[in-house]
Amino acid sequence: MQTNFLSQQFIAGSSAENSSACPANATICDGTSCVLPEDNFNQTLSVVLSTVLTIMLALVMFSMGCNVELKNFFDHIKRPWGIFVGFLCQFGIMPLTAFLLSLAFNILPIQAVVVLIMGCCPGGTASNVIAYWVDGDMDLSISMTTCSTLLAMGMMPLCLFIYTKMWTDSNAIVLPYDSIGISLVALVIPVSFGIFVNHKWPSKAKIILKVGSIVGAVLIVLIAVVGGILYKGSWIISPKLWIIGTIFPAAGYSLGFFLARIAGLSWHRCRTVSLETGMQNTQLCSTIVQLSFSPEQLELMFTFPLIYSIFQLLFALLILGGYRLYRRHRVKTKTDVEKTEQKEDSKSNAKINGGFVSDEMK
């Protein structure tokens, strides 16, 4: 169901902002962005790649589950302080940041709505892979992704109702609850199998985890490349959306980290919350956008999820590179010595809070 809610202000704004020409074969053209017709090759490629990526993603999440201790996972659920901090970041910081960025850059109403949809989406599964590589708390990471996806069924309509009122009626936005449910199932089932394998055969789980973490890193890059191929029809888009797409994930990572640190979480959990905050479920955002808007509206903003995806990946790789560089070249300081001496105490605190002890505490 497609809904047209363009106001006269929006129509005037879009005419003023968009001025350059689109390709001759564009089905819709209104200046700085356009929609090209889908050919059979593109449709076939989309189906094949979606199937392959879905299977790969399930295998990666299975491997991530091999690093989760069942007891620690349930401890996070029973003592959900870390999950609560992540909840505030996911459905507090991100929608508010999206709202403020939309106001600051004075973008078109339709563009503001897609930025807000992105801000209201739950965390993406790519965050679990990056969290592993930065020695994050995998129990917390997976529990946060699971909880945010589950809570998104109620929090997304609420956040969109609060923040989109000045631009459109929130009822005009179609939320694909079936897609959210599928995302939840696709996350929970493979992870559950991984937790079971880790419980029964811990030595084999370590091998699966190492292989899966490498495959996961390749998968993240592959998804970005695939997105570029499938959305090749509208790379020319409003510069303001490019700027917002750059600032938004960086703000999510930074604000998530600082809020977690203010809340008293340990460093490895701060890194985990940061990644869970900044990395959004961009596929879900794309689905909502395509269900909710007409082709005339889509051509002004339907590549924003891809823009966000690119920059959230870029900043995540920078975080990963910076952390690995720090781990490799750091000097054993007085603080490190004190942390080693307080090893048992740190383990005790981690146990009380329901998380696992990272490598930096061992």
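Using the three backbone atoms N, Cα and C, a Cβ is placed for every residue, glycine included.
Summarising the annotation, TrEMBL assigns compositional bias 'Basic and acidic residues' to 336-348.
Marked as region 'Disordered' by TrEMBL: 336-362.
Sequence annotations record features per position, and here TrEMBL assigns transmembrane segment to 45-63 (among others).
As annotated by TrEMBL, transmembrane segment applies to 83-105 (among others).
As annotated by TrEMBL, transmembrane segment applies to 112-134 (among others).
Taking Cβ pairs closer than 8 Å, the transmembrane segment (140-163) reaches residues 64-65, 68, 73, 76-77, 80, 82-83, 86-87, 90-91, 95-96, 98-99, 116-117, 119-125, 127-128, 131-132, 170, 173, 175, 177, 180-181, 183-184, 187-188, 191, 269, 272-273, 275-276, 281, 284, 355 in its own chain, all 6 or more past its ends. Taken from TrEMBL, the feature transmembrane segment applies to 140-163 (among others).
Annotation source TrEMBL lists transmembrane segment at 175-195 (among others).
Feature annotation from TrEMBL assigns transmembrane segment to 207-229 (among others).
Residues 81, 85-86, 88-89, 93-94, 97-98, 101-102, 105, 107, 111, 115, 118-119, 269-280, 301, 304, 307-308, 310-312, 315-316, 319 of the same chain, all 6+ positions outside the transmembrane segment (241-263), place their C-beta atoms under 8 angstroms from a C-beta of that stretch. Sequence annotations record features per position, and here TrEMBL assigns transmembrane segment to 241-263 (among others).
The transmembrane segment feature in TrEMBL is assigned to 306-326 (among others).
Long-range contacts of the transmembrane segment (83-105) within the same chain, counting only residues at least 6 positions beyond its ends with a Cβ under 8 Å from a Cβ of the stretch, are 76-77, 111-112, 115-116, 118-120, 122-123, 140, 143-144, 147-148, 151, 155, 159, 162-163, 240, 243-244, 247-248, 251-252, 255-256, 259-260, 263, 265, 273, 276-277, 280.
Long-range Cβ contacts of the transmembrane segment (112-134) within its own chain (Cβ-Cβ under 8 Å, at least 6 residues beyond either end) map to 57, 60-61, 64, 67, 86, 90-91, 94-99, 101-102, 141-142, 144-145, 148-149, 151-152, 155-156, 159-160, 163-164, 167-168, 173, 180, 183, 187, 209, 213, 216-217, 219-220, 223, 241, 244, 248, 271-272, 275-285, 288-289, 301-302, 304-305, 308, 313, 316, 319-320, 323-324.
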